[in-house]
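Have a look at the structure below, then the notes.
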Amino acid sequence: MSADGCLLLGSPPSNWDDSQTSKVHARISDPILQHVEPVGPQYLAHARRKLYNRTFSEDDDHLAAEAEAKAKAEAALLSQDEDLTNLNNLVIEPDHKDDLKRDPRDWKAQDHYRLLGLGTMRWRATPAMIKKAHRTKVLVHHPDKKTAAAAASSNSRSSSPLLGMFTSNSTPDADNDSYFKCLQRAYEFLSDPVKRRQYDSVDPIPEESYQPIQDPADQIEQERDAEVFIEAWRPVFERESRFSAMNHRKIPSLGTEDSTKAEVEAFYGFWYSFDSWRSFEYLDSEEGDAAENRDDKRYLEKKNKAERMKRKKEDTARLRKLVDTAFSIDPRMAAFKEQDRLAKEAKKQEKLAQVKLAKMEAENEARIAKEQEQEKEAVERVKREEERKEREAKKKLIRKEKKTIKTLIKDANYYCEKGTSMTPSKLEIYLSELETLLDKVTLEDLERIRDELLSKKLTHEDKVKILMAAAQQLVIDGLAQPESLSQFGADAVERPIKTVEQPIESPTTVTSGNVPTKEWSVEEVAFLIKAANKFPGGVSDRWETIAAFVAKHTGLPQRDPEDVIRKSKAVKKASSTEASVNKQLQSHKKTFEIRDAPSVRYDIEGEIAPIQNSGTGVKATAKTKKTGSAPVSSAQVQTPASSSSATPMSSKSATPVKATSPMATTAAQKEPASESSAATTATTPDATAAPAASLWTAQEQKLLEAGMKAYPPSWKGEGDRWDKVAESVPGRTKKECKLRVKFLQDQIKAQRAAAAATGSK
């Protein structure tokens with residue numbers, strides 16, 4: 001090492017390379033992962049700071065304050081111990097006059113501490129104090145010492161200050177050793193730790209020590225001032241704490257007026273669960289020594305044990321009452337309760353405010369949602385109104401275009417050859433099919449057809465081809481039946497393969513959803529009604545079960561549940577419609593007076609032939625046919641095939657048609673049998689060929705009557721009345737429904753006219 005304190009290195013080895021700054025002698029070992037637990041005073045200090053949320057300086061100040069308080073407490077205990085162990089300063093009390101006259105046999109009633117001159121020290125006296133006090137007393141009251149003391153007192157009572165102190169109250173008898181025996185008994189108990197503990201267990205305390213409240217004024221003052229309360233009650237709890245089984249240093253103190261709620265609650269919690277070591281064995285009866293046998297001794301022991309338990313309970317109740325009294329008047333607890341009440345009230349108000357705020361928010365949200373809903377409804381209402389106006393405008397345009405096209409066709413004489421015209425019956429069929437054609441095409445097609453018909457460059461034949469092309473396109477698209485547009489050559493068009501034309505003999509049932517299904521047979525309907533009654537509402541998979549029941553009993557393929565539901569509704573609706581029709585028939589029967597025998601309706605293959613006129617008259621025949629299980633009546637009026645103005649009918653026009661209208665039926669029943677029908681011939685149009693308005697089935701007639709009843713002329717609902725009536729008759733247009741009603745009205749008028757003419761003759 002150099003003189004300036006620096007460490008000098010030796011010369012490098014011969015193989016040292018000056019270009020290298022370092023040399024590797026060995027590799028560093030690989031790191032090892034070890035589990036380390038935080039321990040030690042530094043970690044405890046860190047945890048303490050985190051727990052109490054303190055800084056380093058605050059934690060240091062707190063530790064210093066705790067150390068100072070601990071040092072003061074130890075110093076106080078040390079000074080107290082020094083005072084207690086300082087025997088030189090011990091003051092022994094003089095003999096009490098009552099003790100000098102005490103009988104040694106009544107040793108349980110004597111005060112051992114007072115006999116030894118330790119009446120003020122009592123349970124705080126140490127064994128050394130007890131020993132010194134006993135020796136002092138024995139020097140005066142020993143029998144051997146009493147004779148000399150008595151002689152000396154006769155010469156000079158005041159020669160010894162100590163002797164004068166003990167003999168100031170009375171002069172002991174030299175031959176009486178009773179007092180000395182009492183002293184010996186007192187020392188015997190107080191020098192033995194077990195016996196002294198038994199005596200301390202029943203050591204009487206002045207009654208005033210248990211009454212810190214002497215009058216109501218003291219209680220009022222203690223309830224108002226915490227300092228006064230603590231000063232009055234601290235000695236009480238300190239005297240009671242000597243009976244605690246817990247270490248005295250761990251017993252919580254009454255505290256001060258600045259004590260926290262936790263400290264005060266801990267104090268009262270300790271006293272409410274106080275564990276006392278008092279046994280009251282000192283007061284046991286001593287008669288057991290004189291017991292004659294073991295049974296008597298056991299009985300006495302049992303009796304003593306019961307007495308100890310009784311005293312123990314009484315002492316616990318006394319202490320509990322004492323603690324209850326202190327707890328009830330402690331002003332600190334009243335302040336804490338008030339704070340808790342205010343905090344609870346504040347929390348309640350806060351909760352109410354939150355509830356009120358939440359309610360207001362909910363109301364605002366509901367109001368906003370309602371406003372949005374109203375705005376949405378208003379927008380939708382406006383949209384619906386616009387759509388309605390658009391539909392109305394479109395309908396208006398369609399009606400206008402249709403009217404224009406009809407006017408153009410009428411002005412062109414329906415594109416007939418020059419010098420010719422259509423018969424009324426054919427014209428009616430033509431107009432009906434033209435209405436069907438115009439109802440099926442779109443507005444754009446109507447405008448196109450109108451423009452082409454207005455064109456002067458096209459001939460009548462070209463315009464007829466335009467109408468025929470439109471009708472054929474409808475048939476190809478599946479929007480119309482070929483027979484409904486036969487006047488425009490649509491019946492010659494071959495329909496696409498994807499569409500299956502159902503024969504007239506077995507028509508299909510068209511539902512409201514435009515889904516064709518196979519026609520229901522009478523047997524299927526009968527079993528459907530039976531199954532609906534057998535499996536009422538509430539049955540699991542009811543409609544699947546009904547469909548399976550119908551298929552099982554009829555032997556036919558099982559139908560779809562939706563088809564079963566639709567048919568069930570249709571049967572129910574038909575039943576109600578039939579009831580209303582019957583009721584209407586009964587009212588019509590009451591209206592008209594039948595003067596002649598009524599005619600009988602003919603049923604021709606389930607349909608009614610149209611009424612035809614003849615020049616020779618109207619002939620009524622009767623025939624009855626059973627359909628299903630109920631007889632069905634129909635009216636048929638036959639007309640000769642020859643007529644001067646008749647036009648040959650097509651095979652399709654000659655198909656008989658069923659008529660079950662109450663108006664037509666009533667008129668047919670009232671028609672009298674007469675050979676002359678001039679009036680009928682004059683008022684009824686030529687009907688050698690059946691008009692299209694008469695080609696209605698009985699089911700369509702029922703649906704029409706139900707629709708007319710549901711939408712009477714006084715109906716004020718949304719939309720056109722005849723549109724609603726047409727919707728109730730599937731497959732029929734509004735025009736066809738109007739023509740059918742007009743046709744029935746004309747038939748009734750003709751029959752009434754014929755009946756009036758016959759009556760006049």
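Just so it is clear, glycine is given a Cβ too, placed from its N, Cα and C backbone atoms.
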Annotated stretch (region 'Disordered', per TrEMBL) among the listed ranges 87-108, 505-526, 571-592: 571-592
Region 'Disordered' according to TrEMBL, located in which of 1-20, 41-60, 161-180, 701-720: 1-20
Residue distribution over DSSP helix, strand and coil in the domain 'Myb-like' (696-740): 27 helix, 0 strand, 18 coil
